[in-house]
Amino acid sequence: MHHCACADAYVYTCVCEINGGFILGPRLCQLLTRVIVLNCHHHTSLFFSRSFGSLSVNLCISNPIPTFSSRINECIKKNSLANFGEVFYRFAMRGRQRVASKDHIFGQDKDETLASVRVSNAKPCWRHSFRHVLAASISSFLYGYHIGVVNETLESISIDLGFTGNTMAEGLVVSICLGGAFIGSLFSGWIADGVGRRRSFQLCALPMIIGAGMSATAKTLWGMLLGRLFVGTGIGLGPPVAALYVAEVSPPAVRGAFGALTQIATCLGLMGSFFIGIPAKEIVGWWRICFWVSVIPATILALFMEICAESPHWLFKIGRTTEAESEFEKLLGGVHVKAAMTELSKSDRGDGSDTVSVSDLICGRYSRVMFIGSTLFALQQLSGINAVFYFSSTVFESFGVPSDIANTCVGVCNLLGSVIAMILMDKLGRKVLLLGSFLGMALTMGLQVMAASSFASGSGAMYLSVGGMLLFVLSFAFGAGPVPCLVMSEILPGNIRAKAMAICLAVHWVINFFVGLFFLRLLEQIGAQLLYSIFGSFCLIAVVFVKKYILETKGKSLQEIEIALLAQEVNLTS
């Protein structure tokens, strides 16, 4: 019996005895899932004991209410543990007494023959980790902002810096950032494993601050390109670390929703860059303000990471077990620490000794999972989504639609799809959203092909093109946008997670770079109809690929996913 913090309140305890040892049986764990704390007026106590085969259930009750005692007696006489647990739970929920705690069952023996037992079927509260995920999402906001900042401002930048009409120079302003992102992404895994997730976020903020200042003060094309290159290294480091961090600090039940939260942050960054860039065509030099604005969230990211929790997975991996327990307490609540550490120890050694080389990742025992990750990211980019984001203003203006209206609609569709993903991610699962997303993208890209054909003209072509592009963005946002980063951070084994994510996202940035560099030129040379047909074909290939290779990870812990993948590999090799 344990006295609690509330006056005149005691805790019911339950202990199971098997062969002289005291443990909490698995069936009883499922039934007795609440600690009942009652404030009663009488200080009497009862003790019940009933044998269920080799299992003895001893219930120590302090301050019982007569009706409760009689119902407990009745259940024990019927020899029904299920009824006993049901009555016990229903009585706890009646609300006649003050409830101080309803999460655990404690067992204790003063003679040291009873072990202290704590059980909780309740899921960890998402609020503990939400603020840490929210801070990490600032890096995704910055990624979206810097991707979209040149959309509205590219024309005024080209006028001020003297490269108007040079499509290759315009493509470089867009794509050089992605080249820097490739460099940042390539080293992100080694940085994240070397200095931890929190310090990696701070390191990604530094080049974004420096690069934004260089771009804002650029006098020539080369100055702008150098600044964009610096920014690119920062946004290349941010997304893989954010994916790692969110997967490692989130409770399994809401990990999908938190993963979609980073996509929402990216959408807000894109929309923010669109809105801030609207006056750029009317106010001379406004584009410089657009770059300066990005310094604010980058600084906030660096400062907030000082008070955020470090990834317990990383701490455990390098042998800092005590600190890992402390961080789990911040993220999940103290009552879930033991279970989280037990789950973590199933797959991770906790000594940091399991080193993995690049050759092991590319052509060794991890080559299959690396193939899945790299191909998924490649197909995401070959769908043509970033060509829509980079050059949506140009495409819409060709149909007479004002760019500010077009970009606003694109941003709203992207945000709406991301919210849908957040709601459905942990209900329908990752694989279902991916399949539906890529299939929807293929169909809506078909509308773009029809708009570019000779069968559509005038207002019909405009509606098909504009509507198809908006539906394409919506389809992307509820699956193909947020899921790849999330699902790869889930299926990659803990000992290679950071480095493997770095290589997979490096593939993403390489393809992203070339799509941004050559989209306008290909649009001029081969025409919209053929180019959009190619994009649609890659979307259909992605549907087949997801159906065959992607494992559903909804509601599973990272360790359970890793074990499932190991079993899958054994089945494939046997």
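Residue numbering: from 1, along the chain as shown.
Cβ coordinates come from backbone N, Cα and C, glycine included.
Whatever TrEMBL says is automated annotation, not expert-curated.
The model shown is predicted, which means the values in this text are computed figures rather than measured ones.
Record features (TrEMBL):
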DOMAIN    132-554  domain 'Major facilitator superfamily (MFS) profile'
TRANSMEM  133-151  transmembrane segment
TRANSMEM  171-191  transmembrane segment
TRANSMEM  228-246  transmembrane segment
TRANSMEM  258-280  transmembrane segment
TRANSMEM  286-308  transmembrane segment
TRANSMEM  405-425  transmembrane segment
TRANSMEM  432-456  transmembrane segment
TRANSMEM  462-488  transmembrane segment
TRANSMEM  500-520  transmembrane segment
TRANSMEM  526-546  transmembrane segment
Average the pLDDT scores across the domain 'Major facilitator superfamily (MFS) profile' (132-554) and report the rounded value. 85
Counting Cβ pairs closer than 8 Å, which of 171-191, 228-246, 500-520 has the most of them with the transmembrane segment (258-280)? 228-246
Listed stretches 133-151, 228-246, 286-308, 405-425, 500-520 vs the transmembrane segment (171-191), most Cβ pairs under 8 Å: range 228-246
Are there residues at least 6 beyond the ends of the transmembrane segment (405-425) whose Cβ is under 8 Å from a Cβ of it, and what are they? 148, 151-152, 256-257, 259-261, 263-264, 266-268, 270-271, 274-275, 388-389, 392-393, 396-397, 433, 466, 469-471, 473-479, 481-483, 486, 554
Go through 133-151, 228-246, 286-308, 462-488, 500-520 and flag the stretch with the largest number of C-beta pairs under 8 Å relative to the transmembrane segment (432-456). 462-488
Six or more residues out from either end of the transmembrane segment (228-246), which same-chain residues have a Cβ under 8 Å from its Cβ atoms? 132-133, 136-137, 139-140, 142-143, 146-147, 173, 176-189, 191-192, 197, 200-201, 203-208, 210-212, 214-215, 255, 258-259, 261-262, 298, 311, 485-486, 488-489, 497-498, 501-502, 505, 509
Looking only at the recorded stretches 286-308, 462-488, 500-520, which one has the largest tally of CB-CB distances under 8 Å to the transmembrane segment (133-151)? 286-308
For the transmembrane segment (286-308), what are the same-chain contacts with Cβ under 8 Å, counting residues 6+ beyond its ends? 131-132, 135-136, 138-139, 141-142, 145-146, 149, 152-153, 156-157, 160, 198-199, 201-202, 204-206, 208-209, 212-213, 215-217, 227, 234, 273, 276-277, 279-280
